[in-house]
Amino acid sequence: MVYVNAKNYFCDSIINNTDRVLSALIKYHGLSIIAVFLLAIGLFHVALKVVSYVAVLLDVFVLPPTNYLPYGSQRGAWAVVTGASDGIGKEYARQLGLRGFNVFLISRTESKLRELAQEIAEKSKVETKFLAIDVSTDSPQNYKDIETVLETIPSVSILINNVGLSHSIPTPFLETPPAELHNIIAINNLATLKITQLIAPKIVESVKEARATKKFQKGLILTMGSFGGLLPTPLLATYSGSKAFLQHWSNALAVELAPEHVDVELVVSYLVTSAMSKVRKTSALIPNPKQFVTATLSSVGRAGGAQEKFATSTPYWSHALLHWWIAQTVGVFSKLVAGFNYKMHVDIRKRALKKQARQAAGGVADPKNTTAAREGYATESLKNETLKH
């Protein structure tokens, strides 16, 4: 609230000072009303850009980390994490455990979930539960199993919608296998919506009970977005559309649940290192899962680079600056950006096809192009080398 008030005060000061300057120009320099009006528009536009950029810097580099006590940290509340067995999802689970939340892990591979649950319980001294399901099947039994576990959990305050799947390689929409289309939508959209529809009522109920006893104050739903949803991404059209859908759905849900004291945010990410991506080396633009999740959980409630959107955050510093620059210059829906994305993914596709051909000639199967890899329950962080968006 203090941050919002300071930002509003800064805007008001610019407007008031601009008004005085323009009045002086008319009175002492004889500028016409039209000239002054056009100048005012230009100054106001520049002022908004300055305020927006300052807000990014404050969000990313200056403001203190988010306080999780209002969300039930160290007060018996549970966090649910989907896609929790690897990458970003695994790191969300670890860091929420360290913040004092009991953790319910949902993913596909039971052995990985069991190992992670044991690790979190030992290191963070919290309770853990896990459930192995394959959401690509969209089986009603999956959701019955989730409900069964939820019945054993007294209080849920956080949901991390991290599960996600993309194309095996950049592919024209007309050449995309129907099974791949189905799996992307089933995992990214249907599973996310159905799991949220199961868990959000539990969060609302838990928050009401906690507020009555002054145990904690609010709930939180974070959904993983992507630059692929922020920017139209040719050759990854279905994935791009699925993430764009999550943007609007999450924003609408944020308005619906605000009266229930549940914060809802979409988290926008660029590429993050992972085992499947084979991008093992971090850089200024490519963090590892720990770096990305630390930035995300430290800045809940702040827009970062997503200053043009509400209930949306681009938290990692380099992603934030890139997002802000694109949005404030050419625009996320510009033909220039779409054309650049298209050329980039055409090149990535060519290299991926050449690699597949070399492996086929050598009798080596590409593990990222197997049915399991394409149709598996992958976390958002498990993007292959084609997802440079």
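Along the chain as shown, residues are numbered 1 onward.
Each residue, glycine too, has its Cβ placed from N, Cα and C.
The feature transmembrane segment is assigned by Swiss-Prot to 34-54, with sequence analysis given as support. Summarising the annotation, Swiss-Prot assigns NADP(+) binding site to V80, D134, N162, Y239, K243, V272, S274 and lists similarity to another entry as the type of evidence. Positions annotated as active site, proton donor by Swiss-Prot: Y239. The active site, lowers pKa of active site Tyr annotation in Swiss-Prot covers K243 and rests on similarity to another entry. Summarising the annotation, Swiss-Prot assigns region 'Disordered' to 359-389.
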>> Just to be sure I understand the packing, how many Cβ atoms besides its own are within 10 Å of the Cβ of Y239 (NADP(+) binding site)?
In response: 28
> Taking V80, V272 as the binding-site residues to compare, which has the smallest set of other Cβ atoms within 10 Å?
Replying inline: V272
> Looking only at N162, S274, which of these binding-site residues has the biggest number of Cβ atoms within 10 Å around its Cβ?
Replying inline: N162
>> Taking only same-chain residues 6+ apart in sequence, whose CB is under 8 Å from that of K243 (NADP(+) binding site), what do you get?
In response: G164, N188, G225, S226, G228, G229, L230
> Just how many other Cβ atoms lie inside 10 Å of the Cβ on D134 (NADP(+) binding site)?
Replying inline: 16
>> Please give the NADP(+) site's span as the largest CA-CA distance among V80, D134, N162, Y239, K243, V272, S274, to the nearest whole angstrom.
In response: 24
